[in-house]
Every structure is written in C-alpha cells, then in structure tokens.
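These come from TrEMBL:
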type: DOMAIN; residues: 3-119; note: domain 'Response regulatory'
type: DOMAIN; residues: 167-210; note: domain 'HTH luxR-type'
type: MOD_RES; residues: ASP52; note: 4-aspartylphosphate
Amino acid sequence: MKKILVVDDDRTLRIALKRALEKMGYQVKQVSSGAEALEACMKNPPDLVVSDVMMPEMDGLEFCRRLRSTPSGQLMPFIFLSGRGELEDRIHGHSMGADDYLIKPVDPRELAAKIEAQLERTRRIHSLIVQLMHLNASSIGLEPTPQIATPEPVEVEIPQIDAEVAVTPIPLPLTPAEERVFWEVIQGLTNKEISNRLFISPRTVQTHLS
C-alpha cells in the first residue's frame, strides 16, 4: 500500500483529503505545517507528498526546498495543492522542486489521476535505472547489485554500451535530481561511487534504484 503525506493547516481539508485518499486504497498520514512534514519525511519517508503552500512555521515552498536537499527527498514525488493559482505562483512552486501544482478546490478524481501518474512515473524511472545498472554491470563483468522486484517492469530496448566509449546525453523526461542519478548509473559507476559523487549514502542510492 502506497504511503501519502498530506500537509495542510486547514484541519477540515486535511481530514477530507485523508478520507478520500484512503478510499482510493492509499495509506495516509496528515500534518499541519512544513516543519512537521519535514520531520515526518525524515522518520518515515512517504511514497508521495501532497502539500499546501501557505502554512505557519514553515510554508510549503520552504518545505519542498528543504526536502529536495535531503537524500531521501531528492526523488520523492511532490504535488502542491494550493489556493494560490496565479501563473507566478505555479512557476515558483515548480522552481522549488514540485512535480505538479493543483489549485483548490480540486476534483478528487483529478487529484487521484495526478497522484497515480506521479507514482507510475517513479516506477518507470526506477525500472529503467535498474535495467541500465544491470546492463552496465554485465558489460564490464561485474555482478549486478541485488534489487527488490519492481511491479510490472517496463520493457525498454537498450543498445549495448561500450564501457570505454563516452555516453552521449539524450533528452529524458526527468527532474534534475533524477538526471544526476541516471547519468551516474549509465556511466557504470557502483553504488559507492555514485554516493561519493552525489554526497549521499550507498544505501540511499540502492533505495532509489530498487
């Protein structure tokens, strides 16, 4: 069961979102501020965050920015759900690291579709990274790192990569954080080497690749 963190200082809205998402089959935790949300993400990282923007103590923008600076939060799907819907607000939200930005009030069906799209995108990216990691491991004679099975892996045709030939970048629909991990993987680096270059722990690298 996927875990979703709902962040909003409006208690009535939090409860309504929690009930709606639980009916859709998600496990939901709710908090009322960015500070509480950041602490919750550090203790028990969710699979996705739905956050308001305007909140006391720490607003959603600062919460998102800080979350993206942590190892476990770099690739975490993040959706803003805010009453502030001007173009500049939406642009600012994306610039802080949000993957999507919805405006209140939102139809529960649209929110559900956006959540599932982000979770599916994450599954596909992780599946592709794992396949590339195994391809590179086999091409240079290394044993691939054991990984947790990914549901419904995406079949991707990938050409044989010569370990001594520089990889030419290709356009990918990835966030900056995902691109960093992706290009480190296809260069044939080990989890430890990736962790040293990106300043994160090897365990965190394996978590992103699982």
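Even glycines carry a Cβ here, placed using N, Cα and C.
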Taking the domain 'Response regulatory' (3-119) alone, what is its mean pLDDT?
95
For the domain 'Response regulatory' (3-119), give the DSSP counts of helix residues, strand residues and coil residues.
56 helix, 23 strand, 38 coil
